[in-house]
Amino acid sequence: MPDSDRHITSGIILVVEDNLPFGELVAGTLREEGYQCHTSSSGAAALAWLASHPASLLLLDYTLPDMTGEAFIAAMHAQARRIPFVVVTGRDDSNLAVQMIKQGASDFIVKDTALLDRLPVVVSRALEEAAVKQRLELAEEALRQSDLRLSRAQRIARIGSWEWNLQTNELYFSPELFSILGYDAVTAPQVSLEWLYHQINPSDIPVVRKALGATIESGRSLDMTYRIATCSGAEIVVASQAELECDHDGRAVLLVGTLLDVTDRTRAEQEIHHLANYDSLTGLPNRNLLHDRLQQAIVQSARMKGSVGVLFLDLDRFKGVNESLGHKAGDQLLRTVAERLRVCVRESDTLARVGGDEFVVILNLVADEDGVSSAASKILAIISEPFVIEGQELYLTTSIGVAVYPTDGGDVQSLLKHADLAMYQAKDMDRNNFQFFSSDLNVKVMERMVLESSLRRALERDEFELFYQAQVDVVKRTIIGFEALLRWHHPELGMISPEKFIPLAEETGLILSIGEWVIRTACRQAKAWQDAGLPPVRMAVNLSGKQFRTKLDQVVASILLETGLGASWLELELTESILMRNAAENQQLLQALSGMGCSLSIDDFGTGYSSLAYLKNFPLGRLKIDRSFVRDIITSPDDRAIAKIIIDMAHTLKMEVTAEGVEDHDQLELLKSYGCREIQGFLFSKPVPAAAAEEFLRKGILF
């Protein structure tokens with residue numbers, strides 16, 4: 001974003017969302033992008049907050065507990081506040097979308113599977129559009145002031161006048177007109193039509209000749225604008241109006257006119273047009289002009305029975321550049337990317353920047369898909385070449401989605417939507433590639449939407465169940481704990497694998513409410529076993545990274561108080577990647593959880609990028625060796641070495657170790673010989689329902 005627009009983002013993004021955990025998740029996502037955020041759970045609270053705080057953008061849930069989104073906007077406008085807003089809703093309703101866009105919404109997004117991934121792009125785009133709108137308003141205000149000055153000048157200043165005698169072909173300029181052109185009484189030349197045409201911009205001469213001829217022939221008033229050189233050689237824009245005078249026989253004898261300098265006005269109009277249609281950072285067409293160009297390309301291709309290729313580009317991991325080098329370097333990188341992309345397109349094609357790190361290429365009249373593939377491959381190659389930004393060599397890749405007219409859509413919105421979907425498919429396939437849209441992709445998206453819809457209702461329909469897998473102390477030969485594992489019994493699809501619905505819950509933010517249910521249910525079960533007189537054991541629960549963006553310590557404390565389970569019996573498992581992301585903030589949160597008595601462990605250790613030496617900075621009590629090292633520990637010397645190093649170093653740091661995925665006695669005996677006494681795996685028990693787990697507690701596990 002150019003420096004001139006930075007003040008647009010200086011205010012706070014206000015998230016108005018009745019579901020507070022989801023609102024905090026949204027705010028947390030945006031804070032990771034560097035934005036300041038505040039959340040309000042009702043329309044009244046949001047309006048009260050706005051009365052004393054600045055906001056640069058609103059993320060507005062349409063369905064609030066005390067009013068609709070439309071009523072909120074009306075109330076805000078009644079308070080004379082004009083703040084750009086994006087509507088976020090669970091309703092995929094095109095009529096509602098149109099209604100809110102008419103009310104001034106910058107965008108309308110549905111709480112679907114990709115919401116949190118797309119949100120930074122949507123916010124960035126809305127803020128950029130707000131910046132452009134602000135500059136447009138400033139330019140329009142300047143134009144209005146120019147009009148006022150022009151109006152006053154017409155009343156109180158001399159206006160240049162001219163006459164053309166059609167009988168003698170003589171031309172007369174008034175002193176005021178000469179003054180407009182920079183001449184005084186001494187330097188004023190002898191004017192003639194030949195002299196006049198010599199001063200007019202060559203590109204405008206045909207227009208002037210045609211306008212003069214039409215007035216003489218038809219008798220209609222003359223009204224034209226053209227560019228003309230002044231005495232100093234500078235060029236100004238002038239507006240000229242004239243009336244034709246005829247003799248008593250009706251013959252044209254004289255053309256009498258006026259001339260005004262409208263350079264400032266013309267430049268203001270050109271600036272407004274440029275601001276409305278071009279990206280201020282790269283100078284490329286923006287989304288507005290892109291839509292117009294794509295519509296033209298569709299019409300032309302339909303007429304000529306041709307095809308149009310639409311390439312939707314998203315730069316991979318561009319966020320990291322902004323975070324590590326700053327926005328100035330990020331802006332420079334985007335400008336350099338734009339210059340490279342210009343080389344890849346023909347003069348008849350269109351290259352546009354549609355927001356953030358997204359670009360779109362329109363390939364006009366392509367012969368076949370091979371031509372589109374060739375262009376996409378060329379783009380991948382040129383973006384993969386190293387960039388030098390502020391003296392540093394950077395490497396970048398891009399993911400490209402492709403849609404082709406008329407195969408993949410017959411209108412602008414369909415083509416852009418399908419190219420966008422294909423781009424996300426390219427990102428899912430390890431990035432730095434291009435993918436064509438297919439109907440199967442659309443079906444896949446629809447299946448995910450259906451699954452998401454079911455997932456949203458799964459909690460209220462009581463479709464979730466916890467299974468429990470035993471953790472065994474092989475020295476004492478006793479069960480010392482269980483790991484709680486989530487299962488989903490779908491009424492129509494049957495048992496759905498966690499690998500399929502957990503990522504979906506993460507993407508949609510539903511993991512917050514689901515994760516809270518898991519902690520509460522696991523704690524309630526552990527307390528029930530204790531109350532039944534069974535040996536107390538620890539209960540391990542997996543955490544999601546998104547749960548770390550909310551007040552997790554408060555949630556856990558509330559659940560422990562509600563269920564009556566002692567904090568020492570609850571173990572919270574997190575992955576290395578969660579731990580290392582925002583490490584300083586996570587350290588504070590983990591200290592709070594540890595301070596209330598909860599145990600903390602690292603799940604799947606060895607698959608991430610942390611080090612054991614770094615782990616000593618966190619209040620961790622246990623490492624769980626990932627099953628990928630245990631699976632081949634008998635046959636793989638590397639896996640044996642890794643497992644032994646993890647066990648030895650963990651013990652040095654006074655941490656316990658649990659080996660996951662143990663399936664046979666050979667693995668068990670080898671791990672025991674390395675000093676690992678806590679084991680979890682199918683050798684002892686698969687994950688089982690609560691009743692079966694209770695039987696294990698009563699009778700023990702034989703091995």
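A Cβ is built for glycine as well, from the same backbone N, Cα and C atoms used for every other residue.
Look at TrEMBL and you will find 12-126 tagged as domain 'Response regulatory'.
Taken from TrEMBL, the feature domain 'PAC' applies to 222-274. According to DSSP, the secondary structure content of the domain 'PAC' (222-274) in residues is 12 helix, 30 strand, 11 coil.
According to TrEMBL, the domain 'GGDEF' annotation covers 306-439.
Per TrEMBL, the feature domain 'EAL' maps to 448-701.
Annotation source TrEMBL lists 4-aspartylphosphate at Asp61. Counting every protein chain shown, the Cβ of Asp61 (4-aspartylphosphate) has 26 other Cβ atoms within 10 Å. Secondary structure at Asp61 (4-aspartylphosphate), taken from DSSP and collapsed to helix, strand or coil, is strand.
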